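What TrEMBL records for this protein:
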type	residues	note
DOMAIN	119-562	domain 'TRAP C4-dicarboxylate transport system permease DctM subunit'
TRANSMEM	44-65	transmembrane segment
TRANSMEM	77-96	transmembrane segment
TRANSMEM	102-124	transmembrane segment
TRANSMEM	131-152	transmembrane segment
TRANSMEM	228-247	transmembrane segment
TRANSMEM	302-325	transmembrane segment
TRANSMEM	349-365	transmembrane segment
TRANSMEM	421-440	transmembrane segment
TRANSMEM	503-528	transmembrane segment
TRANSMEM	540-562	transmembrane segment
TRANSMEM	569-591	transmembrane segment
TRANSMEM	603-631	transmembrane segment
Amino acid sequence: MIKEGELMAANTLNDRLTAAGKKLVAVVAVVVGVIHLLNVTGTLVMSTLTLRVIHLMAMLVIVLLGGKKAAPTLAAGLTRAALALCAVVCSVYLLFRWESISTSGGVTNSTDVIMGVILVLVVIEATRRTVGCALAIIVAVFLAYPFVAAYLPGVFQGRNYSVSRIFGFLFTTTEGLYGTPLGVSATYIVLFCIYGAFLSEFGAGTFLFRLSTAVTQKFVAATAKTAIIFNLLIGMISGSAAGNVAITGTLTIPMMEKRGYTPEKAGAITAVAATGAQIMPPVMGAAAFIMAEITGYSYASIMKAAIIPALLFFATLVIICTYEARKGGFDIYQEGEAKESLSAVLREGWYYLVPIITLVAMLIVGYSPFKAAYFSSLALIVVYLAAMIAKQRGVSGGLLLDVGKKIVSAIKKGALDTGSLAIACAASGIIVGVLSITGLGAKLSLFIVSVSGGNALIALILTMLTSIVLGMGLPTTAAYLVLASVVVPALVNMSIPLIAAHMFVFFFGCISTITPPVALASYVAAGIANADLNRVGWTAFRYGIVSFVLPFMFVFSPSLLMEGSAVSIVTTVILSFIGTFAIALAVVGYFKTDFALWQRILLFVSGILMIDEGLVTDIIGIALLIGCLALNRMAARRTNTNKAEGEHA
């Protein structure tokens, strides 16, 4: 039996260990953040592998020792510490050993393999702890393949590989753990997380909410539109849809409920808007940076391809909110209700727009995303300091100390926010490494082509279903990386353009957060709204339905990705916006009065026909829309006439 005194001593030791771990994590976060900032400026120059090794080492320490919950027992706390120590030892070993490996033509020894096995296992365990069991299991399955390939049937059969070959490859090259996914985390993702943390720490969130309110307050569905714009702007700070909802929902959901929206609708609107923020330039989801690296396209090209689908997504949501408000007779502006003056908001917080404008301008001009993020953060510090000096009419020690604390806090928060994303990237690197060394990627591609019978539409439907299923258990970044490695090559082999194939996978990875039965963004919103999980999930799915149509449309209509002549792009955009209007009306079921079910079906079909390229489909789509609107107007007039006659009687 354990004595009470011994138990108290163990708990005290565990508390001390946890506290020491938190302090160490804070120091590591600041140090690694500074290293990344110095590296992007060229002040601290290091090789690609060195940067990635330091990045992964720091992120493993952060996620293993910096968990939100304290270790429940002393043994659990010691296990965390042991895992973190293993990560540090293996990483430091590789830093000192790398030069010998590179000069010997990549020859490895038994110690290299042992270190590789240990670090891979630590990464898998860190993945389980921070990202979830789903990705950890997928990594384990792929990792097992090289050792059982000879015993598998059909297209998956291959030769077996030795432990030294696999783990040496994963540990000592830039095609495994330290491959492209982790490289993106060590450059793009960490810098954008720091940029978002700077905006957050310097108080941009409050300004962006006030700005959103001031812009929308005089429109129909003002509070819903505030939520949409606020989520769009906060998307530049938060790296995930669920994170967006957590930040914005506490403000926007109660505000919408006060104006007449049910908790389910308020939660759904917030979840859909937060999800859409991940596909809206300039700061898209983390997977967009990886897409740029994998495809070889510039990030500006990725932004260009995403802009029309993203605008169509949000146009549909805005129209849905507008007609939901008109249908229910709520959230309609009354004269004298305006609470925020746009000019006053801009006058008080104009300096928060400077880093955002700087970021967009630098990305458009062609600067690398991580340099744009760095200089935008620098611009925020400069203009914030200038604004505070002007407000206080001078420089004070207190002001400089406050700004200094904000800078350190932002660097720390940015590095901490990178942790789970970096681990997901490292885990994905293991998958990519196995696909590369075994040729499994090519085999899976052939399998997909075979199952789909070479039909691109069937292959796309299979890809959509796979994306949604993976998105239920994986973060968007990890789901995208798996599918980009396995499925995209098959789509490209079917003559689907490279960027369209990648955007297709990226879109469905993002919208998995509002796709039941596991819809993380919807569930976070439901928690804030105190609403039923399933009702919020299915309402969000309905409001975001256009996002399930758009990826198919831009694969077969390149103009939606800004490919083709100016005339075809402009024509497609105009017709597509009319198409989204039709789809939005179909979702709400209301224009001047309620639509019949068959009319809603025709409206949805007309919307799809107009988004799709083609003269015949456009003519049919427009005709269906005009016909449904005309019938709806006639029905509304009859209803109004009957009401008037009833009142006179």
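Along the chain as shown, the residues are counted starting at 1.
The backbone N, Cα and C atoms fix where each Cβ goes, and this holds for glycine too.
Just so you know, TrEMBL annotations are computer predictions that nobody has curated.
No contact links the transmembrane segment (421-440) to the transmembrane segment (77-96), because fewer than 3 Cβ pairs that are 6 or more residues apart lie under 8 A.
Sequence-distant contacts of the transmembrane segment (540-562) (same chain, six or more residues past either end, CB-CB distance under 8 Å): 267-269, 271-272, 275-276, 304-305, 307-309, 312-313, 316-317, 320, 456-457, 460, 464, 496-497, 499-501, 503-504, 507-508, 511, 514-516, 519, 521-522, 525, 568-569, 571-573, 576, 580, 583-584, 587, 607-608, 611-613. Within the same chain, the transmembrane segment (302-325) stays apart from the transmembrane segment (102-124): fewer than three Cβ pairs sit under 8 Å, each pair at least 6 residues apart. Tertiary proximity for the transmembrane segment (349-365) is limited to same-chain residues at least six positions away from its ends with a CB under 8 Å from its CB atoms, namely 195, 198-199, 202-204, 207-208, 210-211, 236, 281-283, 299-300, 303, 371-373, 375-377, 379-380, 383-384, 386-387. Each of 44-65, 102-124, 228-247, 503-528, 569-591 was scored by its Cβ pairs under 8 Å to the transmembrane segment (77-96), and the highest score goes to 44-65.
Beyond the transmembrane segment (569-591), the same-chain residues lying 6 or more positions past its ends with a Cβ under 8 Å from any Cβ of the stretch are 308, 312, 315-317, 319-320, 323-324, 326-327, 542-543, 545-546, 549, 553, 557, 559-560, 562-563, 600-601, 603-604, 606-611, 613, 618, 621-622, 624-625, 628-629, 632-633, 636.
Here the transmembrane segment (131-152) has long-range neighbours at 120, 124-125, 158-161, 163, 165-166, 420, 423-424, 427, 430-431, 434-435, 437-438, 440, 472-475, 478, 482, meaning same-chain residues at least 6 beyond its ends whose C-beta is under 8 angstroms from one of its own.
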